[in-house]
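See below for the structure under consideration.
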């Protein structure tokens with residue numbers, strides 16, 4: 001058996017990479033990818049816990065979260081596409097009509 | 001066999017959404033106006049069904065959905081807001097070839113919110129939360145040719161998906177430690193979480209994740225942009241509906257599931273509440289865009305409601321829940337009124353960059369008397385002027401803070417609400433006391449209708465608070 | 001009670017405020033406003049004549065449940081404390097409307113609507129017997145006055161209106177905190193929520209913790225002192241009074257809710273405050289300092305209206321001081337000072353308004369010899385000035401005499417301070433009088449017309465009332481004494 | 001009869017897997033030769049006929065040639081990706097192979113598949129790893145920094161995503177009938193009746209979708225020699241090209257195996273034929289491989305009989321024809337299942 | 001196949017996968033190493049140019065996607081995930097105790113998916129040339 005700690009460490013690393021990327025990247029697509037990384041880190045957690053708790057809920061949850069992530073990506077792409085059509089770029093630093 | 005009739009409001013709503021979408025596919029653009037009426041009717045039917053089911057309780061689908069006073073109260077909030085928005089949108093979507101998408105997305109978002117209100121399981125909570133979020137992302141960017149709307153939607157989407165990821169990560173730890181995702185189950189097994197470092201971690205993640213949705217201060221930066229950039233009717237749904245969804249989720253997660261960890265989170269919420277209301281109010285003072293001002297005000301109002309997490313008495317929760325209801329009507333109404341003004345400005349000047357600028361409110365009392373009057377009511381209610389819904393709920397909420405002995409918190413909240421009066425009063429001043437060069441114009445009827453309904457409820461809650469307060473108390477009993 | 005007469009007195013102005021708002025022309029608006037105020041006057045007179053001034057009990061009580069789960073009720077009543085103030089409002093408002101009858105105001109419908117709304121709210125504060133309702137009306141007074149100043153005000157209207165707003169709003173919010181504290185303490189005590197003013201006040205003594213009793217007391221006191229206003233919290237008053245239009249200033253003068261709060265709320269709970277003596281000393285000191293300080297500042301003013309405003313600060317000091325006298329006659333004197341001050345200052349501000357309109361200036365040095373051109377104004381104004389400086393046979397004298405004489409029993413030091421101020425008061429009144437009415441006429445004003453008939457009428461009626469109540473104060477003073485005896489008897493329980 | 005315990009050792013099975021891999025290699029070589037010969041026959045020419053009898057060693061010669069060709073990495077290419085891309089592609093193909101059984105032995109009612117591993121969800125696994133090949137192809141195209149390559153990869157991408165969905169739905173239909181996601185169970189479930197008979201529609205959809213998935217003509221829009229030079233693999237030369245080319249043929253074989261396993265009855269023979277232990281292993285396997293060969297033959301013949309689709313026709317076919325058809329098939333299967341078939 | 005999973009079995013069944021994966025990952029590099037030893041080498045700049053059927057290469061090859069590809073990608077992501085839900089359902093479908101309710105639930109689900117499909121068709125999102 002692989003200790004639970006390894007899974008958690010893996011997911012923590014992936015989550016951190018995603019979070020770091022989300023904070024530092026400015027391209028919409030890359031930010032989206034980073035969010036997907038974070039979601040998948042959570043999925044790893046869920047599945048790992050599920051098998052260690054001997055309970056299927058976590059896996060079912062992971063399944064749901066995968067499909068939600070897909071839907072999220074779809075909407076994200078749609079929005080990015082629309083932005084691209086209007087402004088010819090997806091650099092979020094430059095999308096700043098709104099500010100306080 | 002569980003009593004599936006409890007689910008009829010949701011089923012009606014989702015059915016309406018599908019039907020609207022389907023019919024819309026086969027209509028040409030001019031005939032799509034009927035969709036607005038259809039959607040409003042469906043939402044109304046669902047609302048009536050929820051009201052009829054008041055007092056009934058039950059569980060469905062292996063106890064993953066619970067129907068109780070709390071969920072019904074919040075469903076009423078969501079459906080009322082949806083009703084207002086769908087009525088107002090009849091004008092907004094006029095002549096738009098994507099009307100059916102607008103209405104179905106709006107309805108699905110509302111359905112998501114309703115399921116959040118009923119969720120008794122973190123899995124259902126998360127899925128429903130996302131359903132509502134996804135639909136609102138798309139709604140925020142509904143004006144596909146308008147870069148501002150798209151930007152709003154983009155920011156909302158980015159932050160929203162981040163919050164979803166944080167939340168999911170937090171839930172995964174809760175699940176890992178307690179071995180269950182059922183909300184009461186988590187509460188029952190909370191010892192397992194208490195003894196592990198995952199407890200604190202999950203609390204932090206959940207606060208951050210839900211904080212984004214509620215727009216608590218360090219997590220609020222999307223809200224002004226999004227509320228300003230989105231179409232007004234959508235901002236109305238976001239501020240009045242989606243935010244309340246965040247609150248009901250937070251109630252369920254913190255008040256029921258993680259109640260044993262309150263030592264960890266009350267302090268955090270206290271700090272967040274204070275910062276949120278102060279920053280929201282102070283920044284709102286200097287805004288020239290009315291929608292942005294309303295957005296900051298809604299950030300501030302989130303701070304008030306968050307006080308309930310600090311006080312945690314029955315009165316405080318009832319106050320917060322009542323506040324959620326009042327705020328639903330006030331904010332929805334205010335955004336719809338702004339929407340009417342924006343509509344008017346855009347119909348006069350097609351390419352206006354800032355149609356919601358406060359300058360456009362000059363002399364509105366003469367140009368659009370009904371809109372101006374309703375807007376005044378909403379703004380005064382938001383400021384907490386007596387005899388409006390806002391006052392009544394602030395009264396209960398602030399009073400409960402003192403009851404719990406947290407005078408400092410009440411003082412801060414009260415001072416904040418004093419500050420808030422200025423920026424609200426400024427809009428009123430512009431509407432009634434500054435001259436304008438425009439002529440009197442006929443007001444868009446659907447907007448007016450929605451506003452009047454909202455105004456009636458704002459006043460009704462202020463004048464005749466007893467039944468609303470009673471319901472809020474009942475709902476609060478579910479939590480404590 | 002068949003007819004809810006008090007409700008009518010409160011609601012008619014509010015209702016007519018809305019109706020007036022809907023009118024289109026100035027003619028309609030002023031007729032609506034006049035009608036409403038006359039009805040209110042009639043109802044108040046009716047109440048007055050059916051009022052039993054020998055008892056300190058609440059009369060004409062009305063009661064309806066409102067929010068039972070919080071113990072909030074719709075509860076109105078009237079007694080000797082509130083009756084004179086209601087009367088004052090009911091009398092002055094129709095006269096004020098007559099006074100502005102021919103004014104060329106922009107947006108007359110809103111103007112008159114705000115007057116009526118203020119009237120309704122202020123009377124509502126006087127009549128409310130439920131703290132919730134009390135606070136509702138208390139806050140409601142703020143809104144119309146804020147707009148009054150910020151729309152029709154003078155050059156500094158924005159700053160003035162905001163200053164007024166911040167000061168009094170903060171004051172009332174602190175008061176709200178006090179109310180909350182009292183409410184919950186009483187709730188814990190009795191087990192049932194109840195917002196009734198009398199109920200809460202009677203429960204005050206049972207609050208276990210002395211510190212929280214002090215805190216509640218201070219919070220409430222602060223709210224009222226800001227509204228009165230007493231010395232350190234007064235700085236909103238001159239700005240607001242001066243920048244407000246004439247009608248607005250008069251409305252401010254009628255805004256006697258701060259002083260009313262002292263009698264209604266503060267005095268009944270004063271004996272049960274642990275640091276009672278300190279509180280009395282504070283009130284007396286603030287009162288005395290207000291008198292002196294207001295007088296000094298009035299002396300230094302060049303602007304006639306600003307001078308009147310500071311004199312108002314000075315006069316309101318008597319209210320605070322009298323309340324701190326804790327003797328039945330000093331307290332009644334303070335109550336009477338409120339009544340008298342309302343009448344006198346109404347004339348003063350009307351006169352300031354007239355002068356400003358006629359000459360375009362209010363600088364005392366630029367005026368002079370107006371009596372020659374405006375004899376009617378001069379006569380009425382002189383009467384008011386005399387009343388204001390405390391000439392015997394006029395209302396001001398009675399109030400100040402009662403306050404100073406009977407406060408001396410308990411607070412000799414502060415009374416002496418206040419007496420010093422009398423000389424200054426006399427000085428600036430006479431000085432201003434002489435400079436404006438007499439002396440050399442400033443020819444640049446050309447030929448001035450005297451005040452119009454409606455203005456004369458309204459000012460004259462008030463002047464006559466000043467004279468009448470100065471000669472025969474008992475119609476209002478009796479009921480005040482009855483009530484203050486009751487208030488003071490409470491203190492006797494504790495042994496003051 | 002007992003099975004030696006050692007055969008269940010995963011490491012031993014891994015080695016078995018390597019053997020199967022070798023077999024597939026040989027099969028792929030055969031397939032290349034087979035295709036050349038067959039196409040030549042169809043076009044009435046000789047095809048390879050110099051190296052060995054009927055040119056059967058032609059591929060060995062080709063391999064030697066490829067090994068000795070210069071390895072060129074274009075100057076504009078993304079070097080790292082360029083080198084790694086074929087690994088991804090090969091990995092995807094080989095990983096598919098792990099889960100595919102070549103036959104099964106039934107002893108005492110237990111089924112022991114001849115495969116590297118026996119997982120519960122093998123069909124899902126196969127679908128998952130086969131999807132990775134899209135990434136490999138895209139990496140190859142992107143790293144070459146060549147417009148033709150990129151165009152080919154785009155088309156490949158559009159085609160793959162179009163056919164993945166009907167493919168998945170057909171697999172679900174099969175899984176419902178078998179009540180399992182284990183490919184061995186699925187093959188066993190066809191013991192009396194092949195699934196092609198129960199759901200002919202499903203077979204057709206699956207077959208077409210699979211052909212598209214493998215990039216066989218008429219679905220080789222990623223290559224389109226006539227328009228895009230060699231499409232995605234234009235910049236790959238020598239053995240690098242050989243690897244990609246080879247992966248395609250392995251994919252072809254594995255795909256054909258899938259068709260046989262899912263619809264054409266797998267290795268199942270009447271029980272009496274397999275009563276003998278040795279026969280029980282060899283006969284079904286031979287039967288299975290024979291069917292695979294026929295499927296490959298069919299696929300190759302289709303290649304030379306049908307012209308290539310345009311890309312818009314390809315996506316139209318998948319989204320507007322195959323997807324509804326596959327759903328229809330799913331409904332049919334549900335109906336059958338409810339009727340108790 | 002349902003119920004609690006025995007993790008150790010799963011790990012055993014993936015050991016062969018790991019072995020083959022290692023081989024598959026090693027094979028191309030080893031092959032290329034071999035090629036390096038065997039193949040000749042002669043440098044010439046033209047050889048390393050991008051090949052565009054003989055003409056001189058122009059412009060960057062990193063061209064933008066045609067936007068249609070994204071639409072298909074979005075549709076694919078959604079539908080593929082929907083299919084994902086069918087798998088677990090398919091395996092338990094035959095268990096008699098839940099067949100009816102599982103069928104009804106899945107039919108509702110498929111109905112909703114179909115609805116989305118109809119929507120896509122009607123909105124002409126699946127048309128290559130617009």
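Each position is counted from 1, following the chain as shown.
Using the three backbone atoms N, Cα and C, a Cβ is placed for every residue, glycine included.
On a predicted model such as this, the values are computed, not experimentally measured, just so you know.
What TrEMBL says about this protein:
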- D:12-34: transmembrane segment (TRANSMEM)
- D:80-102: transmembrane segment (TRANSMEM)
- D:122-142: transmembrane segment (TRANSMEM)
- D:163-181: transmembrane segment (TRANSMEM)
- D:193-212: transmembrane segment (TRANSMEM)
- D:249-269: transmembrane segment (TRANSMEM)
- D:281-302: transmembrane segment (TRANSMEM)
- D:322-340: transmembrane segment (TRANSMEM)
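Contact check: the transmembrane segment (D:193-212) against the transmembrane segment (D:322-340) gives at least three Cβ pairs closer than 8 Å, residues 6 or more apart, which meets the contact criterion. Only pairs six or more apart in sequence are counted, and the transmembrane segment (D:322-340) with the transmembrane segment (D:122-142) gives fewer than three Cβ pairs under 8 Å, not enough to call it a contact. Residues 120-124, 127, 131, 188-190, 195, 198-199, 202, 205-206, 208-210, 212-213, 262-263, 318, 322-323, 325-327, 329-330, 332-334, 336-337 of the same chain, all 6+ positions outside the transmembrane segment (D:163-181), place their C-beta atoms under 8 angstroms from a C-beta of that stretch.
Remote same-chain partners of the transmembrane segment (D:281-302), defined as residues 6 or more beyond its termini with a Cβ less than 8 Å from a stretch Cβ, comprise 31, 34-35, 38-39, 42, 102-105, 114, 211, 216-218, 252-253, 256-257, 259-260, 264-269, 273-274. Residues of the same chain lying 6 or more positions beyond the ends of the transmembrane segment (D:122-142) and with a Cβ under 8 Å from any Cβ of it are 78, 81-82, 84-86, 88-93, 95-96, 99-100, 149-150, 152-153, 156-157, 160, 164, 167-168, 171, 174-175, 181-184, 186, 213, 222, 231-233, 236, 244, 247, 251, 258, 262.
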